[in-house]
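S.K.: Dropping a structure here in structure tokens format, bear with me for questions.
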Amino acid sequence: MAQAMLLMMPGVSTTNTIDLKRNALLKLQIQKIKPKSSTSNLFFSPLPSSSSSSSTVFKTLALFKSKAKAPKKVEKPKLKVEDGLFGTSGGIGFTKENELFVGRVAMIGFAASLLGEGITGKGILSQLNLETGIPIYEAEPLLLFFILFTLLGAIGALGDRGRFVDEPTTGLEKAVIPPGKDVRSALGLKTKGPLFGFTKSNELFVGRLAQLGFAFSLIGEIITGKGALAQLNIETGVPINEIEPLVLLNVVFFFIAAINPGTGKFITDDEEED
């Protein structure tokens, strides 16, 4: 009846009634599909506005600490001379290895001169005259050059680049004396290596002393005309025959020190350990 009345009303068209029906059906379908308010808050939370996002402040926390920067390596300048008296950077190309060789020659020469003076009673220059037949005054320039070279070499003025480094003494092979059948092993000494605990630095020091002794004995013989032992007699007043054991011990020591290789190795400036 209501529908018939609506149809018979002059101001209401049939199209409007159909639209109302459709709108009512759409509302029912939307209500069925639309979720509840509690679930909608969970899944469909509204995006924060620009005002709220600007007011909130986010704090970032680092899980891992930043790595500390390694300190910069400071390179030390390499010195060309280790302990030269005049600070010459190499001089004439003289190294400690060359100086060690000159020191060994000086030890052998000084020991031989003392032994020759003990046998012949004459000094180094007189023995040289006997061996060569050359008068001393003709060899004076050569002697002066030799004395000057020996003195400068003894004080390190010719340049002493490089240095000697002792070999490591740790380890089982160094600590235990290996068994053997020779005399040295029977006495409890090492079968290999140097007989004494002499290093190349010790040998260099003894060589410098031999160079100084050789040079000053030559200077003294030029002034006094007597050898090293006679000069010692003049200085101390002790007869030579009373100090013969000491002289022989000195000669033997210089010979052994000259021929016995010391431990250690020579390192130049270019081979310096990093």
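Glycine is treated like the rest: Cβ placed from N, Cα and C.
Features from Swiss-Prot:
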- 1-69: transit peptide (TRANSIT)
- 64-167: repeat '1' (REPEAT)
- 105-125: transmembrane segment (TRANSMEM)
- 139-159: transmembrane segment (TRANSMEM)
- 168-273: repeat '2' (REPEAT)
- 204-224: transmembrane segment (TRANSMEM)
- 239-259: transmembrane segment (TRANSMEM)
S.K.: Is it true that the transmembrane segment (239-259) and the transmembrane segment (105-125) have 3 or more CB pairs under 8 Å, sequence gap of 6 or more?
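M.R.: These two segments touch.
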S.K.: Give the mean pLDDT for the repeat '2' (168-273) on the 0 to 100 scale.
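M.R.: Result for the repeat '2' (168-273): average pLDDT 73.
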